[in-house]
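Accompanying notes for the structure given below.
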Amino acid sequence: MEIALLFIALFALLIFGVPVAIALAGSSALYILFFDPVPPMVVAHRMVNGVDSFPLLAVPFFILAGNLMNTAGITERIFNFALSLVGWMRGGLGHVNVGASVIFAGMSGAAVADAGGLGAIEIKAMRDAKYDSEFAVGVTAASSTIGPIIPPSLPMVIYGVVASASIGQLFAAGFIPGIVMALSLMVLVAIIARRRGFPRDTAFRFANLFITFRRAFLSLMTPVIIVGGILSGAFTPTEAAVAACAWAMFLGLIVYRTLNWRRFVRVSYDTIETTAVVLLVVAAASIFAWILTSNRVPETVAGLLLSASDRPWVILLLINLILLVVGCFMETVAAITIMVPVLLPVAVEIGVDPVHFGVIMVLNLMLGLLTPPVGMVLYVLSRIARIPFERAVVGTAPFLVPLVLVLLLITYVPAITMWLPTLIYR
């Protein structure tokens, strides 16, 4: 009963628009005050322990790297290269949108950074080419979810810390699923383009491809440095994040000269603000998760799910449904911190590798970014496109179909996720 009141308090605060971190901390404080008094120092200790982790140092550096790339104009070079590469296809700018997100995914690792950085360029280009705003927002929103799947990935870092899983293996596990997501979205873009009679936005010219590749070459080296360094063992994820920042600063300050110290200071302030929000959510969610664990909620949930069916595929389907619902109402970092202790033991019990489960969880929660009422990516893109939130939801809805199909494919064909980390690490 007390745990039910804990969740009621949390969702009531969220419904009234209270920030996620404050809602988590507030509901936890109410529970402790009325049902389980503990010394304040214990609460503080638990919250500090939640963020006292070396791998979490990667979070501010990956955020800084993404902000530097957006400010330094690296995203524009990536977009132009993707345009010359796939813009010749029918509905070309839709394919360019997906392709640019795949490239940018290897640099940033956050869906909102992809939507905010590439989204402004992509939506403007698609509108100028007479694409309707709903389609432009829909494909931009859907493709932005590739960012946290293809390494590096901020949600994967958080999951690795909470689940005590190898972040390097998680990064390797996300690569092939991210490519599958991109291909599925491009198939849907091709179908929609044929039905609506979308044009071919540019002719394929090898000379233009060579020029845009040459201009974007150093930018394209960013994911090579990050992902290659991690998978080869040259960098830890945290060191790779620092290397990405150094490389982005080198490009912006010295090579492209698009970044000055005034812009760098502004980018640093934005990074500090975003990092503070993320770590505050992690700290608040840690005390919330501690309350659940101390009340044996994970064991209760495990018993309920395992008693619901003796077939692993049914239990996995139930877990997916739970995560999809949670993703619709809760911010990604908070959802990972709270739900990993609850659902990971169930997944391990039915034979799911923690690395495989990490990809399943992150992809589920990314779908939550595309659905109301939270739908953070939709809010960002509706502001960029200057359309009502409801129109953004309508435009994004068709793209949920291929993403859900990919989710089911990844869930029930673990080789898609586990082949690369097994090849590299075992």
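Placement of Cβ uses the backbone N, Cα and C atoms for every residue, glycine included.
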According to TrEMBL, transmembrane segment applies to one of these ranges: 3-24, 399-420. Which one is it?
399-420
So are the transmembrane segment (271-293) and the transmembrane segment (313-343) touching or not, going by 3+ C-beta pairs under 8 A with a sequence gap of 6 or more?
yes
Other same-chain positions with a Cβ less than 8 Å from the transmembrane segment (213-235) and lying at least 6 residues past its termini are 69, 74, 77-78, 80-81, 84, 103, 105-107, 151-152, 168, 171-172, 175, 241, 243-244, 247-248, 251, 255, 424
